[in-house]
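According to Swiss-Prot, the features are:
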- Cys66, Cys69, Cys76, His79: Zn(2+) 1 binding site (BINDING)
- Asp486, Asp488, Asp490: Mg(2+) 1 binding site (BINDING)
- Asp486, Asp488: Mg(2+) 2 binding site (BINDING)
- 1480-1505: compositional bias 'Polar residues' (COMPBIAS)
- Lys1266: ubiquitin cross-link (CROSSLNK)
- 819-831: region 'Bridging helix' (REGION)
- 1553-1559: repeat '1' (REPEAT)
- 1560-1566: repeat '2' (REPEAT)
- 1588-1594: repeat '6' (REPEAT)
- 1595-1601: repeat '7' (REPEAT)
- 1602-1608: repeat '8' (REPEAT)
- 1609-1615: repeat '9' (REPEAT)
- 1630-1636: repeat '12' (REPEAT)
- 1658-1664: repeat '16' (REPEAT)
- 1665-1671: repeat '17' (REPEAT)
- 1672-1678: repeat '18' (REPEAT)
- 1693-1699: repeat '21' (REPEAT)
- 1700-1706: repeat '22' (REPEAT)
Amino acid sequence: MAAFFPPSSAELRKVKRVQFGILSPDEIRNMSVARVEHPETYENGKPKAGGLLDPAMGTIDKTQRCQTCSGTMAECPGHFGHIELAKPVFHIGFIDTVLKILRCVCYHCSKLLTDTNEHSFRQALKIRNQKHRLNAVVDCCKNKKVCAIGGEEEEEHDLSKTDEELDKPVKHGGCGNVLPKITKEDLKIIVEFKDVTDESIEKKSVLSAERVLNILKRIKDEDSRAMGINPDWARADWMIATVLPVPPPPVRPSIMMDTSTRGEDDLTHKLADIVKANRELQRQEKNGAPAHIIAEATQFLQFHVATYVDNEIPGLPQAQQRSGRPLKSIRQRLKGKEGRIRGNLMGKRVDFSARTVITADPNLSIDQVGVPRSIALNLTYPETVTPFNIDKMRELIRNGPSEHPGAKYIIREDGTRFDLRFVKKVSDTHLECGYKVERHINDGDVVIFNRQPSLHKMSMMGHRIKVMPYSTFRLNLSVTSPYNADFDGDEMNLHVPQTLETRAEVIEIMMVPRQIVSPQSNRPVMGIVQDTLLGSRLFTKRDCFMEKDLVMNILMWLPSWDGKVPPPAILKPKQLWTGKQLFSLIIPDINLIRFTSTHNDKEPNECSAGDTRVIIERGELLAGILCKRSLGAANGSIIHVVMNEHGHDTCRLFIDQTQTVVNHWLINRGFTMGIGDTIADSATMAKVTLTISSAKNQVKELIIKAQNKQFECQPGKSVIETFEQKVNQVLNKARDTAGSSAQDSLSEDNNLKAMVTAGSKGSFINISQMMACVGQQNVEGKRIPFGFQSRTLPHFTKDDYGPESRGFVENSYLRGLTPQEFFFHAMGGREGLIDTAVKTSETGYIQRRLVKAMEDVSIKYDATVRNSLGDVIQFAYGEDGIDGCFVENQSIDSLRKDNTELERMYRHQVDKPDYGDGWMDPLVIEHVRNDSLTRDTLEKEFERIKSDRSLLRNEIIPSGEANWPLPVNLRRLINNAQKLFNIDIRRVSDLNPAVVVLEIEKLVARLKIIATADTTEDDENFNRAWAEVYFNATMLFSILVRSTFASKRVLTEFRLTEKAFLWVCGEIESKFLQALAHPGEMVGALAAQSIGEPATQMTLNTFHYAGVSSKNVTLGVPRLKEIINIAKQVKTPSLTIYLKPHMARDMDRAKIVKSQLEYTTLANVTSATEIYYDPDPQNTIISEDAEFVNSYFELPDEEIDVHSMSPWLLRIELDRGMVTDKKLTMADITQCVVRDFGLSLNCIFSDDNAEKLILRIRMVESQETKGTDNDDDDQFLRRIESNMLSEMVLRGIKGIKKVFMRTDDKIPKVTENGGFGVREEWILDTDGVSLLEVMSHPDVDHTRTTSNDIVEIIQVLGIEAVRNALLKELRAVISFDGSYVNYRHLAILADVMTYRGHLMAITRHGINRVETGPLMRCSFEETVEILMDAAMFSETDDVKGVTENIILGQLPPLGTGSFEVFLNQDMIKNAHSIALPEPSNVSYPDTPGSQTPSYSYGDGSTTPFHNPYDAPLSPFNETFRGDFSPSAMNSPGYNANKSYGSSYQYFPQSPTYSPTSPSYSPTSPSYSPTSPSYSPTSPSYSPTSPSYSPTSPSYSPTSPFYSPTSPSYSPTSPSYSPTSPSYSPTSPSYSPTSPSYSPTSPSYSPTSPSYSPTSPSYSPTSPSYSPTSPSYSPTSPSYSPTSPSYSPSSPSYSPSSPSYSPSSPSYSPSSPTFTNKYNYQPNNKKK
């Protein structure tokens, strides 16, 4: 449509709200343009008027115009028609609601049946949800039999009435008629009058839609509202179809089959049926046909109208085409994955995209993508023509559409578009400013690259284009892991962003280097892989030497090489360089100590024999071989450290250069793996054969043992299970032993081993399978089962349990498998394939549900996490407000220390004579001893650390785990400070411990997750809640800071000087602020992906716990499904029962508890039951029992009359083992019989120590039944027997089928002296759950006992407990196979499921029952039902969520769309206009020849010039930030969140440019601050330009650009605001023309002769100046006086840090003029 209206610059209004409702018959008629009366579509080859393709409804012919709007086929959107139905019919979507309404109102007078005084009705009126309200009103009216009578005047409720009067049936003005029972059958509504005496009224009749319509029409509006139906939008009578709208032909297009015939759409067929049925009904009515024929015709019309809307009605035949294919109704068009909502609105096919196969190219940078030239010729980017690029655009247009780089279209300002393929006239290619040129994409353009399935955020990333020959996308190898791509034929998609805003977002948020560290598990997702990883290990070995020619070639592959060749490690006999030396050139300035994967822990730390300890100091690799642990995507790897210390750009360079250098070296060295690498020597092979044969013999012995019943069963397992487990143990051990002996035989230079140790491919299991033995094949976790007459294959004998016949493969892959081994191996492999296929679909659906449940959860600007309704999910993201990317594992040192250790580490024992020796300045010692205040401070500090420790142990981390992911790696910061300030660990520090304590206190107080304004809220509770949230957020980190920077440790362990310590404090603060999560971040989607992605890697099956207990545990995907579906019935319900401390350590006592809990019936302990006819109770016929029967009757029970006993005897023999195991006695069991049957049974039992345990039970006849016939006694006894066995509970808790005991020796406890130890406890696991009853057992520790049944926990313990249980269960499922997901993602899922106070399942029954908008709900599941409900109950959608906005094609309020940008119009008035250069001599840094760093990342726009440090209301778009300046691009510490910038890339404040720089001339005609890619370092900036010269007279520091009146350096400029630390209007020596002038530094002056460029302090012209230099210039683009954050890797300082001297902007730690002692102002924090 857009093509047919002239373009307007006016912004489109956003849709604020969507109101749903039902069209009334009048509305349908009014909007209709034609009444459809004929089923035919054509007449004489033309569309028939009044037919289904009436020309008024829109044309379907290219040559015709529409009769209604005169538009052509392309322009006319179509217009509705209508069909007048002869009789009203039910609408299938509304019929259930109509039925409910009929049950609420009187059949005769349409009054609401219930009375307004009724309590239940009043409660119903309070329900906000209209649908629920209707259901509640239906419940109120359910039991009404009569429409109550009464005068209208009594409607007003008289409050003076008494309760009794009120309770009487109130007369509410009904008609008094009897009400029928109303039911629905298929499409009919049936009324049934139950007790009608009148013969004239039929008891049961069909209620016609006409009659229903009349009833509904009479309903009053207020009654309607009471039922939840809003008469303004959806009256009840509109739910009956009287007029049917006919959709316009464009909705149901027809296709030409051949020249004459047309194929009509399904809807057109259906409408034709409706029209035919309607005509037939009209004809019958006209002819006065009998009622039953009319009813039949109506029913036929009803059927067609119903199947037109929904063709899947249960109980109705489907409407079909002639071919028998069911027609696609309106409902089928909307629902499901391919339907309108999900298929065409939520996800669409898009333009400007490409897809092809990917191949590898290690010479590309990780953020590049090689694009085939053919694709680059086809994809375009609309570039607006400006004076700066007009020449370039003309050149592109000259190249035309078929030559790259060229252009495809020109779009004029009025919107006309010229296709350059067909342009005839030269005048059409004329360009003016403001036109748009659709140019080909070119090197350096940013694109989005994606590989499906997009399981996590890193599946779509921004890349820069590199146009290359041939037809595949080229990709760096390191990027394959986040995409999960390989090069075996994978295809990937590329999308070209079309606006500057989008490009800016891609560059600032999505680029690959920014995604290196993933928030999912706070570790890198990209590392060095494949050849490079293998090469790196070989390259950094001790014996890797290179000659000069190779070194020179390698240096060529190092783009960042500074031109200095490192001195050779070996000079004689010839010069040789080591690999470590060259690798050091790549490593940025970091400090790191790590171990390789093959490190032996027994080695001494200082010296590693196998070179397995990696030491990097200041970027020099001093020792260690680099393998996957150091270079891979691991936590704490080099990549992780570089990313955190130096930012994404340095990290990108490191990965790129490692690949180019190492690959080049590896090509020269060569690497190959042949079959020879897998062949072991004969001695090893003999060893392997021996191992396997001995294992086979062991299995034989086991079989013999089992057959001779000499087998000890393990508790809870049968003989066969125990046997299988033992066999498995033996065989697996054999495989491992054989494998390890094969591995040990491999020499160091074995190529296979090289790959495995480097971590680039393969594992040790692969080696052992290739060389030694493939091992046992399993199906469903067991050995190959018997499938053919008690054997696995016909080739084996029956009942062969030996290794070979049950799937043990003793050959290696090298030797080859025998046929039967091959077959078993294939069985095992097939299972894996099936498993994967099943798993993929399941996890895909889980992920979709998770995303739909959490898609609208985001961080808001008050640091809370909320959904689109504004419900608070969390008060602070992850409870600490930190972004998952910025946390690293750190250990809290004080947690596990005992009291003596704690005192040694943290307490200042001032009075000891040797206090401070060797670590404190004697003057300071004296001061501390004599100053009571200091001593007080230090003692308080120790107490604080102690209280921290007890808080940690008792509340925060009772488990005693000291390693936690926390922001700001403190240990590394200390290391860096020691290196940076040259701290000698043997020297004493000049610090006063009290200063340390005070500084740390101030620092901790400043660490806030949100800069709180004074809360204006008067609400005490509100403020208290916020205070608690903020306190909790930083509590753990504060404890970490306090325990690490305790004054004694700073002085003894770290020996920091005052300067270094203050630097560290500043760094902590700035890094903490950088680690905060950004508002607008969609943490819900992130959490869903972080949980869904590992689920894809999960195993599907339930595994047995290896080991003793046979407790089954559901794990993997099925368990995850149970948790998020909140399954009522868990597959393996189980309790973990902890006992009270005195019981827990005693096995016998634990056994007693076990037997008390286990549910035991008589059947469990019975071995046999028999029924005898034994007529004489005193002398039994069973000889075995004679003894104890006689002894019983010697002392008979008085009450028992022998003669009343039945002659039939039930004799139960008990299983002695079970009875003793359950700790029962015969008396206990008899007691239970008496308890359940009283005196009607007589029970005699043998002694507990008798050989057999016997119960003898007889019936006792009561007085009344005496003497009656006893024939059926034995039958009765049989029934009693079965009842006793199954029902009679001896002891235990119902539901707990079995209890298993196990010990846990990892239970944390605090020892006597305050240390942290572990103790062993007996723990009970149950099969079956009954939490409440178990917890009430006196010996059970109810505080620790848990259940894995989530529904049970909420019933017993409530919502907070359930949240914790959910977290625990999710963590268990995910960590089972070694994955790790950061807590914050699991927490969001748990919070989303519980925040409403009840459990919300992640299914349609949970997600779709929340009060979100109908559009959002219908995009998940139950699409049509939800939309129908929305219409009936006239719901509104506020369009706040993600889905609604996407459906409406709007920018959703997320990420950069969650705020607006204002334009400061006053500043525009002051803006300078710039003289535009003549188009002819503009130079283009964008031409492919010149790869300027600035060009590589973006382009500019001509916004008014302004200062980059403005207030947020500044005249610039949000598109670009200051980080775009060429120097900031590699700015190590740049953080997108905190630095402001402007929409062009170059500013005068860029560190590469400075007024003192001789190479800049402000009057040069080809320089303009808004030049899109101007960079003074750009090689294409022509030095021969006449006005460009270092000595050029036109350069003058007072040029209008830097004059005091210049807006960018004027005293009113915000970058020199009076609050800026370096500005003081009264300072006599301050001059706005010298931005780097520092009044307090006498030795600093740009012209000072003693100032040398190699001086460690700052010089803008110095070649060695770099953003990573120790001093950071205040003119750097990411520095802003208002910005609390600074460069994370900058060794220099952050402006808000206390030691940053405000009067010394060019502070440098090594500057001799710096003295902190005088101008140290800790409180200089910008408000």
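Backbone N, Cα and C atoms are what each Cβ position is placed from, and that goes for glycine too.
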Remote residues contacting the region 'Bridging helix' (819-831) - C-beta distance under 8 A, at least 6 residues beyond either end: 774, 777-780, 784, 792-793, 795, 804-805, 807, 809-811
Additional residues around Mg(2+) 1, ordered along the sequence, whose Cβ is within 8 Å of the centroid of Asp486, Asp488, Asp490: Ile358, Ala485, Phe487, Gly489
Spatial separation of Asp488 (Mg(2+) 1 binding site) from His79 (Zn(2+) 1 binding site) - C-alpha basis, Å: 51
Cβ-centroid neighbours of Zn(2+) 1 site Cys66, Cys69, Cys76, His79, 8 Å, sequence order: Ala56, Met57, Gly58, Thr59, Gln67, Thr68, Ser70, Gly71, Glu75, Pro77, Gly78, Pro248
Those binding-site residues listed as Asp486, Asp488, Asp490, and which of them has the most Cβ atoms within 10 Å of its own Cβ: Asp490
Helix, strand and coil totals (DSSP H, G, I; E, B; other) for the region 'Bridging helix' (819-831): 13 helix, 0 strand, 0 coil
Rounded Cα-Cα span from Asp490 (Mg(2+) 1 binding site) to Cys69 (Zn(2+) 1 binding site), Å: 49
Top Cα neighbour of Cys66 (Zn(2+) 1 binding site) in the set of binding-site residues Asp486, Asp488, Asp490: Asp490
Distance, Cys76 (Zn(2+) 1 binding site) to Asp486 (Mg(2+) 1 binding site) (CA atoms, angstrom): 48
DSSP state at His79 (Zn(2+) 1 binding site), helix/strand/coil: coil
Same-chain residues at least 6 apart in sequence whose Cβ lies under 8 Å from Cys76 (Zn(2+) 1 binding site): Gly58, Thr59, Arg65, Cys66, Thr68, Cys69, Pro250
Collapsed DSSP category at Asp490 (Mg(2+) 1 binding site): coil
Count of other CB atoms lying within 10 Å of the CB belonging to His79 (Zn(2+) 1 binding site): 22
CB contacts for Cys66 (Zn(2+) 1 binding site) [other CB atoms within 10 A, all chains]: 23
